[in-house]
Every structure is written in C-alpha cells, then in structure tokens.
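Colleague: Just passing along the structure, written as structure tokens.
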Amino acid sequence: MAERTHACGKVTVEAVGQTVQLKGWVQKRRDLGGLIFIDLRDRTGIVQVVFNPETSKEALEVAETIRSEYVLHVEGTVVERGEGAINDNMATGRIEVQATKVNVLNAAKTTPIIIADDTDASEDVRLKYRYLDLRRPVMFNTFKMRHDVTKTIRNFLDTEEFLEVETPILTKSTPEGARDYLVPSRVHDGEFYALPQSPQLFKQLLMVGGFERYYQVARCFRDEDLRADRQPEFTQIDIEASFLTQDEILDMMERMMTKVMKDAKGVEVSAPFPRMKYADAMARYGSDKPDTRFEMELTDLSEFAAGCGFKVFTSAVESGGQVKAINAKGAASKYSRKDIDALTEFVKVYGAKGLAWLKVEEDGLKGPIAKFFGEEDANVLMTTLEATAGDLLLFVADKKSVVADSLGALRLRLGKELELIDESKFNFLWVTDWPLLEYDEDADRYFAAHHPFTMPFREDVELLETAPEKARAQAYDLVLNGYELGGGSLRIYERDVQEKMFKALGFSQEEAQEQFGFLLEAFEYGTPPHGGIALGLDRLVMLLAGRTNLRDTIAFPKTASASCLLTEAPSPVAEAQLEELNLKLSLKEEK
C-alpha cells in the first residue's frame, strides 16, 4: 500500500498536476450517469474525487460499489475545477482529484447516525455509537481545541518553572465533599481505596516536600447527582505554588488565560480581570458566578418595602427577609399575563412563593399590585429602579437566599429570552472574599464553602471558635460568562489553624486525627505558605468551542445517570471476582 502523500483537506491548487495518494472515508457519493463524484473525508477536511471512464474504467467499476463511510485509498491526479464548479466554501473547492486507482480498505454498514455537523441522532444514539459521533467534523474540532488549550497551558506553566507531577488515583476516602467512588482492596480485607475527588492533599504535601511549583492535568471522580455541566469523572488543571500571595496567583492565572484565549481561540482578552467580592456578586446578581455580559442587576428595595403599603413586602422585611427587583428594560410589551405566569412558576422552583410585577406605562404603573402604591411610593419605585415607560418590573420578597437564587436565575432567563447577551464576548471575573463556612440547617452543622484546607483571613482565625459564620476565606473563583471555571485559595499551613478549622466543622480530635493525621503531622515539619487553583478543563473547552453540553468535550462521557451507553458500564461482575475480594452483594428489593 502506497504511503499517503496528502491529507484530504490540504490538497490545494499548488498540487495541480501532481499524482496524490489519499486515504479517508466516503462522506458522500453522487452518480451523474457515467461519472461518479465522491467527497473523501479525513480529519483535515474534504476533497472531491472524480471517477471517469476515460481516466480509469477499473476505478469507476470499484466506485460503483462504494457507499458512505467506506474507507478508501485513492490514487489520482489533481486538476483545477471548471469555472462553474468552483466551491469557495471549501478549502479544496478550486480543485478535484481525477482517480486512476481506488482500493476499498474497509466497507461500512449504513450508519445509525448521519456523519455531519447537523446530525439528526438523539444524544443517547450518539453516545451508544460514540466512535461514529466522533467522526463528525464539529467533534474533531472540539477535541483539537481541547488539545490546543492543554498544550498552551502546559507550555505556559513550563515557562513559569512548574513541574508536572502525577498524584495517586487510589487514595484514602475522606468525609468532606461529594460521595467517593470506592475501590475494594483484595490485599486488605474489608478496606477500600477511594478515587480522588481532587489531588488537594497530595499537592499540598508536594509543597511540604519543597517542590514549590506543581501542576497536573488531573483526572477527578465524584459520585454526585449529575447536571448538564457535571460528569462523574472529569479533568481539571490542578496548580499549586509556595511563597506566592493571592495577587501573584491571580496575576499568573490571568496571564495564562489570556494566552489560552489568544492561542486556542484567537481572541484577545484584557487583563487584569475585574474582581468582585462574593457579597457584592450575590447582592448585585443573585449569583456567585455572575454573567456580566449584560446589565439587569438586582436592586434592594427592603428599606422602601418596610414602609410601603403592600403587606407582602412589609411582612417579608419584618421577618428578616428582603425585597429585591429587576427592571427588564423595554420588556413590558413582550410579556403577556400568561408569560408572566410562566415566570412565576419558574421562580417557584427556586423557593420563591410568587413573583410580583408591574408594567411601566406613560400614565404610571399598571399591574396587580399597582393599587398598593400611592403616587409618592410609585415615584420612589420609578426612581430607584430607573424605570421608564415600557419597562417590566419584577419583584421577589422572601428570605435573602431565596431572593438571590430566584431573581438570579430569572435574570439569566430574561437575558436569554430578550437576547441581551452578546455571545461573542468572553467576560472573565474573579469572585473573592468568600465565606469560609456555610451552615446546613438540616445537618445542624457547618460545612466548608470550598474545602476544609482553605486559609481564613488572618484577622478571622479566632472567629472559628466564636462566630464561625463571620469568618472569611482567602478564596477566589474564576468565572467566565456565568460559568465557574475553577476555584482556588491560599491554604492553611499551620497545625493549630487546621485543627481549629476541623473543630468548627464538627470533627472531634480523634476524627480529625484518623482522617487527616498525616497532614497534621506534615504541618509540623516546616510547611511553607502556599496556595493554588483548579480549573475545569472540560468546561473551559465547552465555552471556547461554543458547545452547550459538557459531554461534547469528553471523548467517552457518561450519561446523566452515570452510565456509558457504549460499553454498558457499570455492569455486574462475576461471583468469583466478588469472592476474591471477600465481598457479598446485598441489593435492595425493587418496590
């Protein structure tokens, strides 16, 4: 078999007159009565191959048997297309290849999905036949971008003198965070490894070990309920460094991300990225990952509501809640009563009891609650919300968390429905000064907002024992277009501070020692100040490639129920395998 001389998408007018050897898949076959045209595809693109009896009867006879997705080896001569046959939409659109020989390397059944960017297959079919789905150019281009992003990050971190170090996949189960995937040990009866949710502890121990600058393209595993932007196994760019301040870490990440955007996407983004405190993000956008590509910020009306004539508003404030509103500029005529009812049902999903609304017309406020506001109150509302005729005002009165969640989600929905979002923009944002702990009423205890190894502000360390809810974290999240790309923090590196953190989280001394004794001991041997960040590679590629589903950026992803439709994993194992591990199944009976 002759060697391939050209990739299909790389045959240009410079090759006219040359004999070429091409190999690829049949994208399309057209029989024009005596002539057969085939679009031959490989990962670089498509080239048109012509089978003409005047050039080769033998090749034409073979071409008559060819169907879509056959794998071919074609030998032929490159010629320029006639003036009326030029296709400027293709890189190879000014030439074609006159076939002199063709060899079918492999035949193909009719594929269950159309191998094209616009396929008609459901996602389940695409996942079952993932190897066919990956042939679509849009999929290859996504993974080419993933490669480019990873390569740029590796090159950047190399110039910054970071070492790429691999950390264990079989590790110790810890109680914080999501559920672990457990792996039984054959050697140690009744004991289990866990697959890592992140390399967090190991990268900190590398700092104890004096490596100073570490990174890893790390596989991570979390047994959690899945959403469109979650997978049970995922990849993160894991970074840790000693002796750097928070500002130095953020500056380095900004330089890295601007290079990624330029090299992988061809987009210039300016640094430094804006910074916003967590409290401000929640107050202004109702989200800890705000999409800043459009306005429509939340306005706090609690002070006004406390003295207004609308009891729903006043009672919310009196019970310790708040009233906030968003002004959908010019949207009054675009939302009917039925549409607003749909918005009301939408916010109820986030815990809101309802959605109050007003439309601003030339002669004043109109709507179900307009009668509760006199002229003075109406003017205050108009002024505070910067409202003009044609605006739609939407209010939620409830607990602070419910107001933030519901109006934050409503803001995003309206932004999409009203086409306020400039999809060409890439808005990076740092969210800083997070709360260190979050209180869970159901569990009646505090949980770490990020993880238990996050350093509090120095002046807040004592609050861990007196007022844990007030302690702030030296933590930072990187947000892009309303998606959390990753999070990081400065880390605790002193044993006494780490023990205070564990105590605030409800660990007894014995529990802390059992779970994290190795880390606590390491802190007694001269641990340097250190910090880092972990960026979600899958999500970053999803945003840069313009995809809407995380599964499109992972070669062989799982479904929303954490199963692989291609291999049918997870699956039962043989009884002998369980016996070897001294395990016995006790399955719940189906009701």
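Keep in mind that glycine also has a Cβ here, set from the backbone N, Cα and C atoms.
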Colleague: Based on Swiss-Prot, name the residue from GLU166, GLU484, GLU589 that is recorded for the same ATP site as ARG222, ASP223, GLU224, GLN231, GLY536, LEU537, ASP538, ARG539.
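Modeller: Swiss-Prot lists ARG222, ASP223, GLU224, GLN231, GLY536, LEU537, ASP538, ARG539 binding ATP, and from GLU166, GLU484, GLU589 it also lists GLU484.
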Colleague: Please find, within the list 200-203, 212-215, 240-243, the residue stretch that Swiss-Prot describes as region 'Aspartate'.
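Modeller: Matching range for region 'Aspartate': 200-203.
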Colleague: Can you tell which of the recorded positions GLY84, ARG222, HIS450 lies nearest to ARG539 (ATP binding site) in space, using Cα positions?
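Modeller: Comparing Cα positions, the candidate nearest ARG539 (ATP binding site) turns out to be ARG222.
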Colleague: When the Cα-Cα distance from GLU224 (ATP binding site) is computed for each of the recorded positions GLY84, HIS450, ARG491, which gives the smallest value?
Modeller: HIS450
Colleague: Compare the Cα of HIS450 (L-aspartate binding site) against each of the recorded positions GLY84, GLU484, LEU537 and report the nearest.
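Modeller: Checking each of GLY84, GLU484, LEU537 against HIS450 (L-aspartate binding site), the shortest Cα distance is to GLU484.
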Colleague: Within 10 Å of each Cβ, count the other Cβ atoms and name the one among the binding-site residues GLU224, GLU484 with the highest count.
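Modeller: Of the binding-site residues GLU224, GLU484, the most buried by Cβ count within 10 Å is GLU484.
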Colleague: Measuring Cα to Cα, how many angstrom lie between ARG222 (L-aspartate binding site) and GLY84 (site 'Important for tRNA non-discrimination')?
Modeller: 57
